[in-house]
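Asks: Below, the features straight out of TrEMBL:
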ACT_SITE  A:CYS338  active site, phosphocysteine intermediate
BINDING   A:ASN275, A:ILE276, A:CYS338, A:SER339, A:ASP340, A:GLY341, A:TRP342, A:ASP343, A:ARG344  substrate binding site
COILED    A:519-546  coiled coil
COMPBIAS  A:625-637  compositional bias 'Low complexity'
DOMAIN    A:126-502  domain 'Myotubularin phosphatase'
DOMAIN    A:307-351  domain 'Tyrosine specific protein phosphatases'
REGION    A:606-653  region 'Disordered'
Amino acid sequence: MEHIRMPKVENVRLLVRSSSRRTQVGTLYLTATHTIFVGKGSEDRNELWVLHSLVCNVVKHKASQSGYPLLIICKNFQVIQFIIPQESDCHDVYISLSRLSRPEKYEELYCFSFNPSVDKAEREHSWDFLDLKAEYSRMGLPNKLWHVTPINREYRVCDTYPADLFVPKSVTLPVIVGSSKFRSRGRFPTLSYYCKENHTTICRSSQPLSGFSARCLEDEQMLQAIMKSNPGSRFMYVVDTRPKLNAMANRAAGKGYENEDNYCNIKFQFIGIENIHVMRNSQQKLIEVSALRSPSMGEFLTGLENSDWLRHIKSIMEAGLFISKAVAEEGVSVLVHCSDGWDRTAQVCSVASVLLDPYYRTLKGLMVLIEKDWVSFGHMFSHRCGHLIGEAKEVSPVIDQFLECVWQLMEQFPCAFEYNEKFLISIHNHIYSCHYGNFICNSQKERKDLCIKEKTHSMWLHLWEKKLDFMNPLFKPDQSQNQGLLRPSTAPYCFKYWRRLYNRFDRELHPRQSELDCLMTVKEETQQLEEELALYEQKMAVLDKERAKTLYMQKGVLDSKQALWSLPLDTSLANTPQDYIGGAPNVFTLQQGERERAELCLFGDQTKSSDADNSDQESGVADFSSHSSGEESLPSEDSVKDPDSDETGPNRA
Amino acid sequence: MYPFFYRPSHLTLNGPWGLSSTEQYYKQTERLWDRWRVSTVNSDYSVCPSYPSAVIVPREVDDDKLIRSARFRQGGRFPVLSYCHHRNGMVIMRSSQPLTGANKKRCKEDELLLQAVIDGSELGYIIDLRSAQQAQQARMTGGGFESKSFYSHWKRIHRHHERGKIVQESLIKLVEACSDPSHSVDRWLSKLENSKWLSHVHSALSTAGLVVECVERDGHSVLVHGSEGTDNTLLVSSLAQLILDPASRTVTGFLCLLEREWIQAGHPFQQRCAHSAYSHARLKQECPIFLLLLDCVWQVWRQFPLALEFSEALLLRLAQEVYASNYGTFLCNSEQERCAAGVKENTHCLFQSLLRPDIEEQYLNPLYEPTDLAIWPSVHPQSLQLWTGLFLRWTEYAQNMEEAREEVWSIVKEHHEQAGPDRTNNTLSTHCDTLTPFENLMDELTIL
């Protein structure tokens, strides 16, 4: 609170970004955690809350006629512009916000003060929601070739790695220690993904400290052991995700890459993904393009091209595709590293996992994947997302790029993902918001030292509870092409600008009607109806047993009744018979007829209308309610109809 | 030509050809009866060879005046009614450029005709689809524009639109860019930008939006023209109608719109759509304006996926038919030529055949829910996309989209089965409520 020089300013104007004409007058409040704008007059949509931890930058603009503009630029790409009448007020707000949005200590972050009304047990439950042990056992680990090594339990061998790590059973502790001493930051090769179908693995590490000629026997043994743990293959890939030039330059600093001559049976491969600084600049350019006010088509496309952003996304995707193909198609294990093994390595391993394993295309699967490959393996969220004031050079949109790769895949495979883009955007938002403790700190050790689990809440359960918002109605898990390996095209036209993320808050840029939302509603309702139907079927099954006998005797009459109600029906209803095939035909047609009528009883909204279609359906309803006497109303000339043609007739109509 | 020999067993030549006529449109539009009339001054195509035999004009302007006005307009395309807005009676007119020439000729009858269009209301807008400079230059070759001093109640707005060869070259470049998947992203984006195709889509949609803004929001009538009035003019007037008029968003309505605004209005299909993108013969007349229209309609559908009764499949079918067809619909350049060639007697009508129930079904949008409001598309570059369904039609990319499309159908069908069609419609309609008039305001286009 001591940083707030001005808790409240009246008569502030809020500008809507895309149109200078639409503004709103109201009061601006600064609290310890939020900037709040409350519009005057209008009833709804007039409150705007911005978390301080989401604020990326505060900018004062030159005074205009109407006052002093203050720009708040957020990490979720929201840009808010206020116009404050008094210069001194504007300055005070500016100074306060500048300080509030740049916390110096973890304890200042919002997740430590966020206190929803849940008790301790519930908070603990939120942290237990994801269990990495369960994830490894889902993959089929531990097994006879791989086990958990206790070596890093106290984070002594590698303080940026998680406590539990999978290594081949055949490697001894000295080998691990030796290998870790030969790797940057001690990040020795360890398992990231295990494919139980063919025992292939994706392992990850940091670069070896090879310099120009150094070698390490233990490290060579380590790789040998990983290779041998995949009995089906006689070599393994070592993928260095850096451009070759960068890797060579590192040799001068005593780091570098594996020499193929020193390691048996490895195939070494460079994949030129640029470093965090290039990516940061690229995204900056992209954001500038996205914020252009009414650019021409040419300006936009040129800006998009010059940002190079999509080229970087493509290179990450291609790296992921290379690895996933090696695993699924060639059956060859892969070791991935970059420099430190927590940025590009995390991106590439997780993209490959999404391509390989349909589980990661489900809601929970993606959560687990981020928890495993990013959070537990020490992606430096605090540095990369700039949670605390510090080195601006450490900030880089590495996780943004992973989420975007998933989005690009969703665009190519609309039926392969259980989640929708809102899910990705929510994750993105919360990675930066510091609302939950998940993405605080740079490693598991730091989080443990800070007692994150005791002091904050976990985001995953929160997202899981809102999962209805995040479902993709088109998801078809059983479709063969959505199982197993996804093979995305990496043709340049497959990489698109992610409007929903970068122009998230520019409402007028997005489609005014959402196909997917609409489908979701339709789908949910169908499900609901199916449930109700099942209930009625149960009830009816009892009745049917009693009536089956009578029905056989009345066969001819019943068939004609079927014809009577089905003829005027809409064709869309007509293919119902196919779905119910499997019983004795005559009993069956009746059952189905009854089902339809049961629905009409349940949802009797059609009965209001008096046209021909509905009056027939109404009589159907009446028949059902007084079933045994129904046949009286039937015209006898229809009773000669062939039962088969009754079933197929409406289909062809 | 092949359509003259195409005789499928399920079609007969005796059926009606075409969906509607000027007279029918007039009859259906009650708002017109008072102040407008159907003129048959062009019944022998002598006044304007590219117009249909009947056109709708203000009641108080007689045929003699029309003939004089026609002499003052390029190709005889005098201002005629294209659309009357059902909500406020404002109209969209179209014509070709006036032949004012270098010495600023004027034509009293033409001025009277336009005066009669606005009839007492204070202002009408002329949307000239050329830049002010181009319009000035046109005077050197005998063309020109309506000068403020002679058409005092009309305000002229210039919007630059590319035409002819430039648009054709765009298409060639775009198709070339799409056919090579080995490009780098940079090269692809630069080729996409360089083709300028999306820029044409952008300008077409924003000018159409401007027209709609004049008619719907500001309540003024509009006259649209470029030079000849057979290409961009039709593009803009038909897009404006799609945005404005719920009736033109049904399958039948859309096909009627195409028939009125493109076929009967004399878009020279034979000259414009002879060779598509792969020809290197430099044909002066070739120009994919109709394809551009289909692309724009696709963009509207992307932004309002529930508002059109037809689906992308119909647009794709039309894109194919316009270049190579068994039907006579897109033959010739005008009604006059079609009459002379006996198209109606000797070929089948594409639109009629698309509307046969069993065929039409495959072109329906399963999520269609009519809305009465204007559907203003966003014209920000971020909101416009490459029409992958057309330009990447034969790639694996399109196959995945096809799968998604089928899934949409199956979800809706399942719902139909469970709940019946009425209830499905109800569910869909609750989703359209979000489309409030407020949200429809389009800020980017300001005309005053």
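The backbone N, Cα and C atoms fix where each Cβ goes, glycine too.
Caution: TrEMBL annotation is automatic and unverified by curators.
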Asks: Using the CB centroid of A:ASN275, A:ILE276, A:CYS338, A:SER339, A:ASP340, A:GLY341, A:TRP342, A:ASP343, A:ARG344 as the substrate site centre, which other residues of the same chain sit with their CB within 8 A?
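Replies: My list of surrounding residues reads A:THR241, A:ARG242, A:THR345.
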Asks: Give the mean pLDDT for the coiled coil (A:519-546) on the 0 to 100 scale.
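Replies: Averaging the confidence scores along the coiled coil (A:519-546) gives 84.
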Asks: Check each residue in the chain of A:TRP342 (substrate binding site) that is at least six apart in sequence and keep those whose C-beta is under 8 Å from its C-beta; list them in sequence order.
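Replies: Those within reach of A:TRP342 (substrate binding site), by Cβ under 8 Å and sequence separation of 6 or more, are A:THR160, A:ARG187, A:SER206, A:PHE377, A:GLY378, A:HIS379, A:MET380.
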Asks: Please work out the helix, strand and coil residue numbers for the domain 'Tyrosine specific protein phosphatases' (A:307-351) from the DSSP assignment.
Replies: 31 helix, 4 strand, 10 coil
Asks: Which of the three DSSP states, helix, strand or coil, fits A:ASN275 (substrate binding site)?
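Replies: For A:ASN275 (substrate binding site) - judged by DSSP and reduced to three states - the answer is coil.
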Asks: Counting across all protein chains present, how many other Cβ atoms fall within 10 Å of the Cβ of A:ASN275 (substrate binding site)?
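Replies: Its Cβ shell of radius 10 Å holds 15 other Cβ atoms.
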Asks: Please work out the number of neighbouring Cβ atoms within 10 Å of the Cβ of A:ARG344 (substrate binding site), leaving out its own Cβ.
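Replies: A:ARG344 (substrate binding site): 27 neighbouring Cβ atoms within 10 Å.
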Asks: Enumerate same-chain residues with a sequence separation of six or more from A:CYS338 (active site, phosphocysteine intermediate) and a Cβ-Cβ distance below 8 A; give 'none' if the list is empty.
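Replies: Correct list: A:SER206, A:GLN207, A:ASP240, A:THR241, A:ARG242, A:ILE273, A:ARG344, A:THR345.
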Asks: Residues with Cβ closer than 8 Å to the Cβ of A:ASP340 (substrate binding site), same chain and 6+ apart in sequence?
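Replies: Those within reach of A:ASP340 (substrate binding site), by Cβ under 8 Å and sequence separation of 6 or more, are A:THR160, A:SER184, A:ARG185, A:ARG187, A:SER206, A:GLN207.
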Asks: When you look at A:ASN275, A:ILE276, A:CYS338, A:SER339, A:ASP340, A:GLY341, A:TRP342, A:ASP343, A:ARG344, which the record names as binding substrate, what is the longest CA to CA distance in angstrom?
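Replies: Result: 12 Å between the two most distant Cα atoms.
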